[in-house]
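Peer 1: Relevant sequence annotations retrieved from TrEMBL are reproduced here:
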type     : residues  : note
DOMAIN   : A:12-411  : domain 'Oligosaccharyl transferase STT3 N-terminal'
DOMAIN   : A:528-573 : domain 'STT3/PglB/AglB core'
TRANSMEM : A:81-97   : transmembrane segment
TRANSMEM : A:109-129 : transmembrane segment
TRANSMEM : A:135-152 : transmembrane segment
TRANSMEM : A:164-189 : transmembrane segment
TRANSMEM : A:195-223 : transmembrane segment
TRANSMEM : A:235-256 : transmembrane segment
TRANSMEM : A:262-279 : transmembrane segment
TRANSMEM : A:291-318 : transmembrane segment
TRANSMEM : A:353-373 : transmembrane segment
TRANSMEM : A:380-398 : transmembrane segment
TRANSMEM : A:404-424 : transmembrane segment
TRANSMEM : A:464-485 : transmembrane segment
Amino acid sequence: MEKETKRVFDVFRAVILLVVGMTAIAARLFSVVRFESIIHEFDPWFNFRATKYLVANGYYKFLNWFDDRTWYPLGRVTGGTLYPGLMVTSGLLHTIFRWLSFPVDIRNICVMLAPGFSALTAIATYLLASEMKNSTAGLYAAAFMGIAPGYISRSVAGSYDNEAIAIFLLMFTFYLWIKSVKVGSVFYGTMTALFYFYMVAAWGGYAFITNMIPLHVFVLCLMGRFSHRIYIAYSSWYALGTLASMQIPFVGFLPIRSSEHMAALGVFGLVQLLAFGMYMRSMISSTNFRYLLFATVGVILIVGFAGIVLLTISGVIAPWGGRFYSFWDTNYARIHIPIIASVAEHQPTAWPMFFFDTHMLVWLAPAGMFFLFSELRDEHVFVIVYAVLGSYFAGVMVRLMLTLTPILCVAGAVAVTTVLEPYLNGDMTEPARAPEPKGSFYKRFSRILDLSAPRYIYQKGIRLLTSMVIGYMLLHFVFHCTWVTQNAYSSPSVVLASARPDGSTFLIDDYREAYYWLRQNTDYNAKVMSWWDYGYQIGGMADRTTLVDNNTWNNTHIATVGKAMSSSEEVAYPILLQHDVDYILVVFGGLIGYSGDDINKFLWMVRISSGIWPDEIQEKNYFTPRGEYKVDAEASPAMRNSLMYKMSYYRFADLLGRNAIDRQRQQLIPNTPIVLDTLEEVFTSENWMIRIYQVKKPDVFGRTPKEARQWKSGIKRTA
Amino acid sequence: MKLSWLLPVAVAAASLEEILSRSKGGQPIEIFSDDEVKTILAEPREDTVIFVFTALDPSINCEPCRMFKPTFELLAKSWYTKHSGGLGLQFAFTDFKNNRETFQRLQILQAPLIKIYPGKRAAFSEEIQYTPTSAHMPAEYVAKEISQLIGIELKINRPTDWATVFLKLSIGLLVLTSVYFTARHIRTIIFNKFIWTIISIFLYLTFVSGSMFNNIRHVPYVGGDGHGNPAYFANGLSMQFAVESQIVTLLYGALAFAVIALATRAATNKNPSVQAVTVFSWLFVLYTVNAYLVSVFSSKQGGGYPFHLPPW
């Protein structure tokens with residue numbers, strides 16, 4: 001009987017997990033249903049392009065890939081400067097499907113990779129939470145993980161980015177780590193190292209694991225819980241994991257040089273010493289052991305400190321990186337690196353964003369932490385440390401909400417399970433009770449919140465009521481998650497949707513229209529200049545050579561493009577010729593009121609280029625004398641002569657006549673015709689969102705572009 | 001100021017020296033009337049003047065003006081302490097409350113606004129208008145931007161904040177003495193689970209209710225609705241007031257505590273009717289606070305949020 005019940009429960013668990021996995025996938029398909037199976041945003045287009053290269057050319061060529069079609073004329077050593085895990089995963093899946101005779105297009109694998117892996121993440125979370133409490137908590141955690149918006153934000157269908165597989169790897173590595181701490185076996189330590197290697201190959205965020213595991217061990221040591229289990233787990237993970245991570249070309253020798261990895265090394269040394277100490281204590285008398293202890297600690301402190309100082313001064317250990325430093329001193333970035341401070345993902349998080357992304361989990365988690373504290377096994381320390389540290393990082397930088405969400409799911413699941421246990425218990429027999437504790441006030445107080453006393457609810461009505469209220473709140477959580485997913489996180493941002501007056505959807509597909517025009521109407525080797533935001537998309541969708549792209553490794557090159565965009569035609573033309581530019585692509589939102597257009601980004605182009613050429617480009621020249629940023633008749637001369645302004649508003653007044661109002665900025669564009677000497681309009685998309693210009697070749701008779709244009713239009717050339 | 005009604009003539013005819021002498025002690029020069037503005041800006045000017053037009057009166061509710069004030073004072077202080085009397089560069093400001101004529105005469109419609117008037121030896125000849133990119137930019141950044149505009153290097157010397165130093169020292173002393181006197185119990189305190197539980201949960205709650213946002217953005221403590229009434233909740237998902245995050249910490253704390261109480265105190269009670277009342281009251285707290293939290297979130301969203309829990 002007992003065995004059979006267990007089997008029934010096992011089947012139930014499997015079915016529930018399956019349903020959770022399916023829900024996790026289904027919740028991420030809004031974008032495919034609403035739009036189509038398409039790669040989203042910017043970075044995924046690069047990942048997609050790299051995957052196609054991998055599938056076409058094989059792994060070794062991929063590792064040695066020098067891409068001469070980006071950063072023209074510099075090129076990029078792509079194979080050595082990316083995390084290959086994502087591309088290799090989808091390439092492998094593609095091969096497996098082929099081998100099984102399923103002819104799947106690589107694009108569909110890339111689009112569906114993130115939802116598929118989110119189902120695996122739910123399972124990994126189930127395993128982790130089961131280790132913390134029981135399999136019921138595991139199922140709750142899996143369900144939370146499947147639908148929590150904080151994770152969905154980076155894993156909807158089409159969001160083909162490193163995070164798509166990295167969160168699964170994060171959770172699974174942590175599960176294996178917890179398992180190896182519990183069991184203390186080399187096998188689990190090795191498995192942890194193996195998945196840690198996969199994580200390093202997949203995402204730059206692997207440093208979170210690199211610091212989280214040592215921190216866990218360190219806290220355990222401080223609590224006096226050092227044991228052989230921990231020694232074995234940590235040593236096998238650190239030794240194998242570090243060696244393995246160095247096999248990734250982009251990581252190389254960082255694990256022994258950069259300061260982000262020093263904590264792991266230090267704790268490795270610490271556990272060796274503690275293990276040695278344990279051994280010595282069993283061998284010699286306690287007075288001798290005390291002398292030995294003091295001597296060793298003193299020597300190690302001095303040598304270690306001097307060593308670190310020396311290595312840092314001599315430059316062997318990299319100094320603290322700016323991005324890393326900005327975590328601790330939050331004013332650092334604002335004063336020293338405005339470009340980091342300007343990126344939206346690096347902004348601090350206000351409380352509504354926590355609530356938006358995790359809803360009730362954000363206040364369930366502290367209750368879960370409390371319940372974990374009352375038992376406080378080794379693995380519980382992990383969850384608590386992770387939750388406190390993760391909430392700090394998520395508060396400093398909004399994108400790190402992604403790493404906080406999983407642990408909130410685990411802690412929240414522990415809270416829900418613990419609170420519902422006595423209320424959902426079908427057993428109505430009253431347990432035997434110990435007498436009321438006596439003693440000091442403090443002792444009685446701490447017993448109030450104790451979980452070890454037998455818990456029993458007398459009335460069925462109360463059981464029902466509590467279950468219903470909490471169930472109702474959980475239901476509300478599901479509605480919230482679905483609403484957030486479909487409204488905030490399911491837009492591909494390549495295709496835009498707006499509503500017509502009658503309420504029907506109107507799809508704005510100008511980006512793809514323009515990229516396909518480029519692909520079909522220009523030479524394969526044509527060079528396209530645009531602001532860096534569109535580099536990956538041009539490379540991915542139009543397959544043309546770009547000057548700059550979203551991998552912003554070379555500030556000077558970006559500044560060159562910025563200078564060309566913000567200078568007059570006379571200044572810009574030589575730059576364009578030097579860089580072999582054939583086409584220029586600008587994004588213009590003035591006709592349909594699109595806020596993410598190039599005129600709104602224009603000041604960044606000016607700022608970045610004035611950082612390199614402060615004498616030629618000055619920000620203040622682009623404002624009116626009253627200090628306003630204007631594009632109408634009052635616009636400053638520098639503004640009106642800039643290439644960007646001319647390309648954006650060329651023939652704009654012809655289209656709308658005397659009412660040429662820019663709908664994004666609500667300003668009237670003067671209808672004096674804009675004249676282009678060096679450029680020729682070749683394409684403008686349906687809603688005027690993308691405009692493409694061809695750069696004219698130098699005049700064969702050696703005239704300036706202006707003279708050539710005047711001669712052609714019949715104005716006689718004056719000597 | 002109290003002398004002004006006794007000596008109206010003298011004030012009206014404040015000479016340039018008198019005005020400039022207001023920079024003693026390192027404050028920026030405050031200008032009280034349009035005549036004084038004309039005096040300090042009279043051509044030919046000896047010194048370059050960095051002139052801030054601001055509106056600090058609470059009735060005008062100019063948040064950027066108030067945020068920019070300490071930055072400007074720090075700029076002036078750093079310059080005047082190194083260059084006694086200005087030496088070619090002066091920092092001046094005038095408040096809309098005291099001096100409406102100048103705002104009307106120069107047609108200034110926005111505040112804070114910075115105009116830089118060139119002196120005799122300045123590297124530029126026309127007045128420059130400068131608006132800080134954002135009012136909560138650190139003074140170092142503003143100094144760098146202004147230095148580029150006027151060609152004189154401004155350096156920020158943050159004065160040692162003796163109050164903070166004193167506070168930190170006394171806290172340190174306090175900790176040390178308490179350690180000394182409780183040394184016998186320190187082990188029980190450090191190894192006390194309950195204390196660590198409180199610390200961890202408190203840290204967690206302050207982080208998730210946006211305390212780091214408050215520290216980095218220097219948000220105001222409370223807002224206003226424009227009619228002099230305080231507003232405790234800011235609009236928009238990416239904005240908050242400091243008091244708001246304190247309220248949210250309390251709400252989260254109450255919710256978490258209700259869950260804990262339901263699982264422990266209520267469930268271990270041995271009297272059926274007392275237990276029923278306890279469970280019922282904690283459920284009431286749990287539900288009501290959660291419903292209120294959702295309604296606050298919904299109002300911050302600005303109407304687009306479709307869910308609400310009755311009664312809100």
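Yeah, the Cβs are placed from backbone N, Cα and C, and that goes for glycine too.
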Peer 1: Provide the three-state DSSP residue tally for the domain 'STT3/PglB/AglB core' (A:528-573): helix first, then strand, then coil.
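Peer 2: Secondary-structure composition of the domain 'STT3/PglB/AglB core' (A:528-573): 28 helix, 4 strand, 14 coil.
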Peer 1: Counting only residues 6+ away from its ends, which parts of the chain sit with a Cβ under 8 Å from the transmembrane segment (A:464-485)?
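Peer 2: For the transmembrane segment (A:464-485), the sequence-distant neighbours (Cβ-Cβ under 8 Å, at least 6 residues beyond its ends) are 27-28, 30, 147-149, 152, 156, 356-357, 359-361, 416, 419-420, 423-424, 457.
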Peer 1: For the transmembrane segment (A:353-373), give me same-chain residues lying six or more residues beyond its boundaries with a C-beta closer than 8 angstroms to one of its C-beta atoms, as numbers and ranges.
Peer 2: 132, 144, 148-150, 153, 380, 383-384, 387, 394, 398, 401, 404-405, 407-416, 418-419, 449, 451, 473-474, 476-477, 480-481, 484, 488
Peer 1: Residue list, the transmembrane segment (A:195-223) vs rest of chain: Cβ under 8 Å, 6 or more residues beyond ends.
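Peer 2: Counting only partners 6 or more residues beyond its ends, the transmembrane segment (A:195-223) has Cβ contacts under 8 Å with 83-86, 88-89, 162-163, 165-166, 169-170, 172-174, 176-177, 181, 230, 234, 237, 241, 244-245, 247-248, 251, 255, 260-261, 263-264, 266-268, 270-271, 274, 378, 381-382, 385-386, 389, 403.
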Peer 1: Return the average pLDDT for the domain 'Oligosaccharyl transferase STT3 N-terminal' (A:12-411) as a whole number.
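Peer 2: Residues in the domain 'Oligosaccharyl transferase STT3 N-terminal' (A:12-411) carry a mean pLDDT of 89 in this prediction.
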Peer 1: Could you pull out which residues elsewhere in the chain have a CB under 8 Å from any CB of the transmembrane segment (A:235-256), counting only those six or more residues past its ends?
Peer 2: 63, 79-84, 177, 180, 186, 189-190, 192-194, 196-197, 200-201, 206, 210, 213, 264-265, 267-268, 271-272, 318
Peer 1: Could you give the residue numbers and ranges of same-chain residues that sit at least 6 residues beyond the transmembrane segment (A:262-279) on either side and whose C-beta is under 8 angstroms from one of its C-beta atoms?
Peer 2: 210-211, 213-215, 217-218, 221, 226, 228, 230-231, 234-235, 238-239, 242, 255-256, 293, 296, 300, 304, 308, 317
Peer 1: Go through the chain and flag residues at least 6 beyond the ends of the transmembrane segment (A:404-424) whose CB is under 8 A from any CB in it; none is fine as an answer.
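Peer 2: Answer is 121, 125, 128-129, 132-134, 136-141, 144-145, 148, 150-151, 167, 170-171, 357-358, 360-362, 364-369, 371-372, 383, 386-387, 390-391, 393-394, 451, 455-457, 462-463, 466-467, 470, 474.
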